[in-house]
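Participant: Quick one: structure below, then a few questions.
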C-alpha cells in the first residue's frame, strides 16, 4: 500500500507542473524549465529546438527589427526639404501703372472692371483709395501675384482678360438696383433649391438664395492656407449674435456655425484690412448692416454650400 502511494505522487506532481507551465508562461519561456519526471524528454527537445530556434529568433526578432525600422522614420525626413521649395516663387511686381492716390478715368474703369468680377462693390469713382487698393490686393493674392495693392501691367492684363469693357451706364453708376428674386442661374446647382447660404471661394461672395431666387450677396473672405475654410454641403448648426471665440478670444458678431467651429460672421479685421488678411477657417463678412440683416433671416437648419 505504501508503494502505491509513492508511485502516484510523481504523477500528480507532473500533472501540476504541466498545468502551471501552460497557464503562467508562453511557449518560449517554458522551454528552459526542464527537470522532474519529464527530464528524459528534455534533452531530446533541447538540442534540436533550443539551438535551432533560439539563434534564429533572437537575432532576427530583436536586433534585426530595430535596424530595419529605424531608417524608415528617417526616410520621410528628406521629403520635407524637398517639398518646401516646390511652390513657385511669387513673381516680382512690375512698375505701377495705377496705385493708391491716383485719380482719373482709368481708375474709374479699373473699379468698374473689378466690380464685374465681384472684387469691388458700390459706386465707381475717379479716385484710387484704400478700398480700391484692398480690392486689387485681394485679386493679386488669389492669383499668386505680389499683393502690392498697386496695378502693374501683369495685373491689369489679367483683369482685362477676365472682364468686358465697361459700358457708359457702368461707368456712371446707373446700374439697375439689385432686387430680391434676381436670377440665380450662375450659381452652383446645389444652391438652387431651398434656403441656402451659397458661398463661392473663387469669387469671394456669399449669396443668400431662397428657392432659386437671389435675396442678397455679400463680400467675404476665408481661412488661410494653414487654416482653410472647409468645402462641401453643410447646414446652419447654431447661431450666436454676440459670439466670442473660445480659442482666440476674438469677437464674432452674428455668428452662424455650419461646420464645427467654422462660422459665417462679421469681421472688423476684414473691414479694416480687406483681403490682406485671413481667418482661422471662418467665412468673414465686412458689411455690418448686410450681415445683421442676413442673420435675422437665416434659420438653424438652412443649407450652407461652400465651393471653389
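Backbone N, Cα and C define each Cβ position, glycine as well.
According to TrEMBL:
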SIGNAL    1-25  signal peptide
REGION    26-102  region 'Disordered'
COMPBIAS  41-72  compositional bias 'Low complexity'
COMPBIAS  73-94  compositional bias 'Pro residues'
REGION    166-186  region 'Disordered'
COMPBIAS  166-176  compositional bias 'Polar residues'
DOMAIN    195-307  domain 'L,D-TPase catalytic'
ACT_SITE  265  active site, proton donor/acceptor
ACT_SITE  282  active site, nucleophile
Participant: Write out how many residues of the compositional bias 'Polar residues' (166-176) are helix, how many strand and how many coil, based on DSSP.
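Facilitator: Residue counts in helix, strand and coil order: 4 helix, 0 strand, 7 coil.
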Participant: Note down the number of other Cβ atoms within 10 Å of the Cβ of residue 265 (active site, proton donor/acceptor), including every protein chain shown.
Facilitator: 26
Participant: Express the distance between the Cα positions of residue 265 (active site, proton donor/acceptor) and residue 282 (active site, nucleophile) as a whole number of Å.
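Facilitator: Cα of residue 265 (active site, proton donor/acceptor) to Cα of residue 282 (active site, nucleophile) measures 7 Å after rounding.
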Participant: Take the Cβ of residue 282 (active site, nucleophile) and count every other Cβ within 10 Å, whichever protein chain it belongs to.
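Facilitator: Taking every protein chain into account, the count is 27.
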Participant: Taking all residues of the domain 'L,D-TPase catalytic' (195-307) together, what is their mean pLDDT?
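Facilitator: Taking every residue in the domain 'L,D-TPase catalytic' (195-307) and averaging pLDDT yields 93.
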